[in-house]
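Q: Please read through the structure below; I'll follow up with questions.
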Amino acid sequence: MAEVSAKSVTVEEMAEEDDAAIEERWSLYEAYNELHALAQELETPFEAPAVLVVGQQTDGKSALVEALMGFQFNHVGGGTKTRRPITLHMKYDPQCQFPLCHLGSDDDPSVSLPKSLSQIQAYIEAENMRLEQEPCSPFSAKEIIVKVQYKYCPNLTIIDTPGLIAPAPGLKNRALQVQARAVEALVRAKMQHKEFIILCLEDSSDWSIATTRRIVMQVDPELSRTIVVSTKLDTKIPQFSCSSDVEVFLSPPASALDSSLLGDSPFFTSVPSGRVGYGQDSVYKSNDEFKQAVSLREMEDIASLEKKLGRLLTKQEKSRIGISKLRLFLEELLWKRYKESVPLIIPLLGKEYRSTVRKLDTVSKELSSLDEAKLKERGRTFHDLFLTKLSLLLKGTVVAPPDKFGETLQDERTQGGAFVGTDGLQFSHKLIPNAGMRLYGGAQYHRAMAEFRFLVGAIKCPPITREEIVNACGVEDIHDGTNYSRTACVIAVAKARETFEPFLHQLGARLLHILKRLLPISVYLLQKEGEYLSGHEVFLKRVASAFNSFVESTEKSCRDKCMEDLASTTRYVTWSLHNKNRAGLRQFLDSFGGTEHNTTSGNAIGFSLPQDALGGTTDTKSRSDVKLSHLASNIDSGSSIQTTEMRLADLLDSTLWNRKLAPSSERIVYALVQQIFQGIREYFLASAELKFNCFLLMPIVDKLPALLREELENAFEDDLDSIFDITNLRQSLDQKKRSTEIELRRIKRIKEKFRVMNEKLNSHEFAQNLKAPSVQH
């Protein structure tokens with residue numbers, strides 16, 4: 001009797017130990033389920049291990065999920081109806097005769113409401129219809145979370161994603177092509193989570209066709225965390241004509257399927273057709289019958305394969321065939337990942353807990369500072385810090401990331417406008433130093449000025465036509481002769497104003513764009529240092545409006561000053577200013593005078609203009625005069641006087657009395673226009689750069705602080721509640737404080753669960769009890 005009693009005690013103890021192990025496993029599953037919900041809500045960096053199901057619409061994805069669950073969920077149907085991922089937290093409960101389901105709240109994922117299968121199905125269908133009506137975002141990455149307890153459920157977390165679409169090419173299928181890209185982007189984003197095990201479904205008897213693997217391998221190239229599943233095995237077996245085809249299908253070569261995939265080789269599954277219900281179209285009366293049909297289908301598949309092969313399947317081959325084998329493998333794998341991840345998740349939860357504590361402290365401090373004196377002081381402090389950041393950006397800094405805030409010259413031209421001449425052409429941006437670098441602040445301002453100098457300094461005088469010269473001659477108020485010096489001035493100033501005025505407006509727009517960019521960069525620097533007035537949008541908008549208005553008005557004022565300079569230098573020609581390169585003009589006219597010939601009476605006679613007509617001194621002889629003097633030395637004085645008079649008459653005839661434009665007159669006008677245009681260009685370039693530096697850049701440094709301070713004090717004199725929106729802000733902060741406190745308690749509770757679980761996993765006694773789930777579902 002004593003022996004029997006001892007044996008009874010031993011059996012009872014073993015049963016208690018098994019129950020304890022199962023209970024601890026369930027506790028760990030629950031902790032991970034809570035962690036997964038928390039990660040979805042807060043978008044935290046940690047994720048719980050889960051199985052992500054990926055497949056085409058026609059791969060039997062929904063049927064496979066139902067077979068793994070042990071009951072028909074019927075949440076999709078035909079076509080593209082799953083538009084949000086569905087997370088199924090499944091828990092094995094032998095006492096649960098019917099599926100017990102809870103639906104996670106979209107507003108608070110920590111809250112799960114008990115729902116029937118029909119209610120959950122109705123909710124999912126309503127969500128799908130809602131998203132289908134939104135053309136801009138027909139799919140959503142936010143998961144629908146469902147918790148299920150059932151006697152046939154495995155202990156798994158499965159995320160069922162929308163089915164991938166393979167649309168036909170052509171314009172008429174454009175809408176479906178857009179949907180296909182949206183689904184693929186959603187699925188690819190889900191696969192990025194390194195903790196997820198990817199269940200890749202393929203419906204093909206040829207492993208060289210990688211419909212779903214093509215997308216999966218973009219994220220997991222080696223398939224190291226991917227389980228490949230060949231679905232609809234029962235329909236493929238009859239397609240094989242010989243045993244060798246079956247051998248290749250069951251054991252694909254490395255050239256067709258990478259051997260590094262998770263599980264070493266693919267799984268093969270079949271799910272019997274037919275729905276559970278009491279209608280005429282129903283095949284199964286209950287989920288128990290459906291479960292039995294799944295098991296029977298598995299045995300039939302093995303028998304059919306053995307018949308095709310002409311041999312019995314090995315133990316290794318059988319371990320890859322059927323829903324039950326796939327479910328057991330997933331459970332063991334997920335359980336292993338759960339245990340391995342516990343020590344890694346604890347520090348992440350600790351970090352998130354400390355971050356939430358700091359967030360709560362910040363909210364509490366903001367609530368305590370909502371009085372007039374403190375708000376005014378914070379506003380003045382923000383003013384000083386904002387100006388400090390502006391000055392820092394102009395002087396140069398590397399604190400703001402160039403990849404986020406910098407602009408290349410091409411970007412700058414696109415956003416702020418390009419320098420374009422009257423011909424509509426642009427210089428290549430590659431000719432400008434640092435064109436490919438992403439700059440901001442003072443460095444970007446300097447590059448824009450350098451581009452302006454480079455482009456304007458290289459501008460040549462536009463072509464001059466004979467018609468323009470003749471039209472510019474006109475008629476004087478006292479005589480009808482021609483004045484080619486006036487003609488040259490009229491043409492030069494008109495060409496200069498037409499050429500340079502657009503560049504002035506373009507320079508103003510470009511520099512205005514660069515200076516306005518200082519505002520968001522300064523805000524970023526303040527946020528980075530924790531000095532940003534978060535929640536005070538009305539006040540911040542007022543500061544931003546004052547800054548932008550100041551920059552815009554200052555740029556306009558500066559541009560008006562530059563326009564006055566351009567108007568003055570193109571209204572009246574001052575020879576000492578405009579004719580900068582008189583030596584070049586003399587050289588041009590000297591060569592002209594030495595080569596110009598008059599063939600009248602067979603005598604070769606050259607002529608030159610007096611020096612004072614060219615703006616030079618009268619005591620300096622030109623080379624043409626020297627040549628003429630040398631020519632006249634062999635002629636008697638009477639002949640010399642006669643020749644000089646003839647030359648003077650010819651000169652007056654060609655430049656004063658004759659309206660027929662001679663080549664000599666045309667060349668003189670062209671030379672004068674070139675010199676005047678060059679003088680205007682040099683003056684315009686120096687004046688514009690100097691004025692933009694003095695009257696646009698410098699006011700940012702020395703006038704903006706006083707203006708912002710005045711704007712700030714005026715704002716304080718107004719209704720302070722309207723400026724800082726104290727009432728709404730207090731309500732918002734109170735709500736934020738309550739939600740942060742709830743979040744903190746949730747993190748603390750989950751953190752404590754994982755801490756206790758980690759201690760038990762590390763204990764020798766618990767390690768002996770915790771084995772892979774051995775419950776037969």
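Glycine is no exception: its Cβ is also placed from the backbone N, Cα and C atoms.
Dumping what Swiss-Prot says about this protein:
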- 45-343: domain 'Dynamin-type G' (DOMAIN)
- 55-62: region 'G1 motif' (REGION)
- 55-62, 160-164, 231-234: GTP binding site (BINDING)
- 160-163: region 'G3 motif' (REGION)
- 231-234: region 'G4 motif' (REGION)
- 265-268: region 'G5 motif' (REGION)
- 300-320: coiled coil (COILED)
- 728-765: coiled coil (COILED)
Q: For the region 'G5 motif' (265-268), DSSP counts of helix, strand and coil?
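A: Per-class counts: 0 helix, 2 strand, 2 coil.
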Q: Since the record lists THR58, LYS61, THR161, LEU233 as binding-site residues, which of them has the fewest other Cβ atoms within 10 Å of its Cβ?
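A: So among THR58, LYS61, THR161, LEU233, the binding-site residues given, the one with the fewest Cβ atoms within 10 Å is THR58.
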Q: Just name the winner among GLY55, LEU164 (the binding-site residues) by count of other CB atoms within 10 A of its CB.
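A: By the 10 Å Cβ neighbour count, GLY55 comes out on top.
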Q: Using DSSP, what is the helix/strand/coil residue split across the region 'G3 motif' (160-163)?
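A: Breakdown, helix to coil: 0 helix, 1 strand, 3 coil.
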Q: Should GLY55 (GTP binding site) be counted as helix, strand, or coil on the basis of DSSP?
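A: It is coil.
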Q: Looking only at the region 'G4 motif' (231-234), how are its residues distributed among DSSP helix, strand and coil?
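A: For that range the per-state counts are 2 helix, 0 strand, 2 coil.
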Q: Can you see whether DSSP assigns LEU164 (GTP binding site) to helix, strand or coil?
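A: Where LEU164 (GTP binding site) sits, the three-state DSSP reduction gives strand.
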Q: Per-residue pLDDT averaged over the region 'G1 motif' (55-62) comes to what?
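A: Summarising the region 'G1 motif' (55-62) by its mean pLDDT gives 86.
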